[in-house]
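A.B. asks: Relevant sequence annotations retrieved from TrEMBL are reproduced here:
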type     : residues                                                                    : note
ACT_SITE : Asp20                                                                       : active site, proton acceptor
ACT_SITE : His48                                                                       : active site, proton donor
BINDING  : Asp20, Gly47                                                                : Mg(2+) binding site
BINDING  : Asn45, Ala46, Gly47, His48, Thr136, Arg150, Gln225, Thr240, Arg304          : IMP binding site
BINDING  : Gly47, His48, Thr49, Arg306, Lys332, Ile333, Asp334, Gly414, Val415, Gly416 : GTP binding site
BINDING  : Thr300, Thr301, Ser302, Gly303, Arg304, Val305, Arg306                      : substrate binding site
Amino acid sequence: MNKLKNWSGITAVIGVDWGDSGKGRIIDDLAQEADIIARYNGGSNAGHTVVNHYGKFALHIIPSGIFNQKATNLIGKGVAVDLESLIDDEIIQLKKSGVSWKNLVIDKQATLTMPWHKLRDGIREESRKYNKVGTTKRGVGPTYADRTERVGLRVGDLYSKNFREILEAEIKIQNRFFSLNLSSEKIYKKFKSYAKIIKPYIGQTIPILKEAIAKGKNVLFEGAQGWLLDIDNGTYPFVTSSNPGIVGIWRSYDLHPSLINNVIGITKAYTTRVGFGPMPSKIETNQRDIIIEKGHEIGTTSGRVRDPGWLDLVLLKAATDSNQVTQIAITKIDVLSKIPKIKICTGYKISGKPAHYIPGNSYYLSLCKPVYEQFPGWDEDLSQVRKFEDLPKNAKDYIKRIEEYTKTPVTFIGVGPGREEAIYV
Ligand code: GDP
Ligand code: IMO
Ligand code: MG
């Protein structure tokens with residue numbers, strides 16, 4: 001592995017923001033040199049865009065390393081497995097484009113997202129007047145809730161001789177508790193047919209991963225979402241229900257974070273948020289529309305507009321510190337071209353006094369007013385730039401300020417969505 005500096009062994013790519021920073025695109029590229037690509041959290045709420053010689057894809061659960069036919073792609077036990085998305089959307093999308101794979105393994109212990117989880121997600125969101133989270137309505141919160149309650153159906157249950165009874169009992173309870181009207185016969189038939197389709201991919205991911213590590217193979221972990229959406233350290237309750245940060249790897253694969261050689265924290269050159277919750281550096285001027293349009297800031301999964309904000313170094317540093325990020329990947333710097341003055345948030349104030357990010361406390365964050373530094377922009381189109389030296393001086397200064405503040409090197413800069421549209425510093 002030599003595209004990124006000091007990169008070999010075990011590497012994690014995690015969002016150090018509110019998601020959608022380009023995890024799919026960097027994984028697709030780095031996966032060409034990986035033996036294992038392992039997704040560890042989230043479910044079909046994720047939308048990872050990959051643009052390569054096969055076409056453009058929106059992946060939700062299938063790891064973005066699927067285009068490397070020599071590698072093994074793992075879906076770990078910490079992933080909420082939504083078979084409707086996996087089979088009726090992703091597998092079809094990939095097959096239509098001529099993508100084939102040999103080694104995809106879905107962990108038997110992963111919890112299934114069932115139809116009642118999606119219904120509950122929708123009912124909860126729609127019934128809320130205040131504190132709507134703005135979920136993707138993919139049933140992810142209820143799936144993790146049932147997992148924690150130890151009542152979730154797991155992938156392996158699909159093959160149990162008692163599957164029909166297990167399913168019927170659970171549907172009875174769901175119908176009663178949540179006033180649903182689900183037919184167990186219909187769901188049974190549907191999931192039996194899904195079970196048949198995915199049978200060749202079912203396995204135990206941890207032994208595969210550990211064997212590969214013991215042999216010194218290159219492993220790439222693919223996170224979903226971003227650390228600011230972490231159930232424990234994000235802007236609760238405006239978060240997702242899993243751990244997008246480094247802890248998610250431990251929970252899914254029993255691999256201690258100290259064994260990970262490289263942690264790549266990925267963020268856009270600005271920031272975005274989709275759904276509700278505080279965002280101190282939200283752009284309220286007409287630059288908001290410019291960034292939405294130039295950056296195509298429309299959610300991959302939900303089709304909603306993502307709110308843009310200036311890059312928030314307070315939050316970025318909180319994320320890089322918490323996850324011991326060893327290198328930062330910045331995407332979409334091309335989108336900032338022609339913006340005359342670019343702001344970057346370097347501190348907060350509450351009632352005129354300095355304030356910090358307190359993980360998990362979104363009320364406190366909602367009170368924070370950003371302190372900005374302003375950078376002169378650049379006019380050049382950056383999409384053809386492949387070397388750091390060739391960037392305009394103002395773009396270089398912008399990157400250097402990020403490195404200086406976070407005390408972490410920026411080793412990847414995205415200048416377009418395609419696999420090749422990147423600068424490896
Ligand atoms: P993910 O969820 O982190 O994988 O990110 P998404 O796929 O949801 O959103 C990132 C969007 O930005 C996608 O539409 C990508 O194709 C696009 N993208 C990624 N990197 C770049 C970049 O460097 N420049 C531009 N212009 N677009 C990018
Ligand atoms: P990727 O992997 C951006 C957001 C939702 C909502 C909150 C909770 O593509 O970066 P959920 O459906 O998880 O219960 O919604 O989290 N959210 C994301 N935002 N990117 C994602 O994934 C997201 N997955 C969930 O918009 O605010
Ligand atoms: Mg996304």
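Using the three backbone atoms N, Cα and C, a Cβ is placed for every residue, glycine included.
Just so you know, TrEMBL annotations never went through curation; they're auto-generated.
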A.B. asks: Return the members of Asn45, Thr300, Gly303, Arg304, Val415 (the binding-site residues) with CB less than 6 angstroms from at least one atom of ligand 3, or none.
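C.D. replies: Checked binding-site residues vs ligand 3; flagged Thr300.
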A.B. asks: Just checking the recorded positions Gly47, His48, Thr49, Thr300, Gly303: which sit within 10 A of the residue listed as 'active site, proton acceptor', CA to CA?
C.D. replies: Gly47, His48, Thr49, Thr300
A.B. asks: Can you check which residue among the binding-site residues Val305, Val415 has the largest number of Cβ atoms within 10 Å of its own?
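C.D. replies: It comes out as Val415.
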A.B. asks: Quick one: of the binding-site residues Asn45, Lys332, Val415, flag those whose CB is under 6 Å from ligand 2, and say none if nothing qualifies.
C.D. replies: Asn45
A.B. asks: Please work out which residue of Thr136, Gln225, Thr300 has the most C-beta neighbours within 10 angstroms of its C-beta, and give that one of the binding-site residues.
C.D. replies: Gln225
A.B. asks: When you measure from each Cβ to the nearest atom of ligand 1, which of the binding-site residues Gly47, Thr300, Thr301 fall under 6 angstroms?
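C.D. replies: Cβ under 6 Å from ligand 1: Gly47, Thr300.
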A.B. asks: Return only the integer: C-alpha distance in Å from His48 (active site, proton donor) to Thr300 (substrate binding site).
C.D. replies: 7
A.B. asks: Cβ atoms within 10 Å, counted per site: which of Gly47, Gly303 has the most, among these binding-site residues?
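C.D. replies: Result for the most crowded candidate: Gly47.
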A.B. asks: Which binding-site residues are spatial neighbours of Thr136 (IMP binding site) here, meaning Cα within 10 Å, out of Val305, Arg306, Lys332?
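C.D. replies: Correct set: empty; none qualify.
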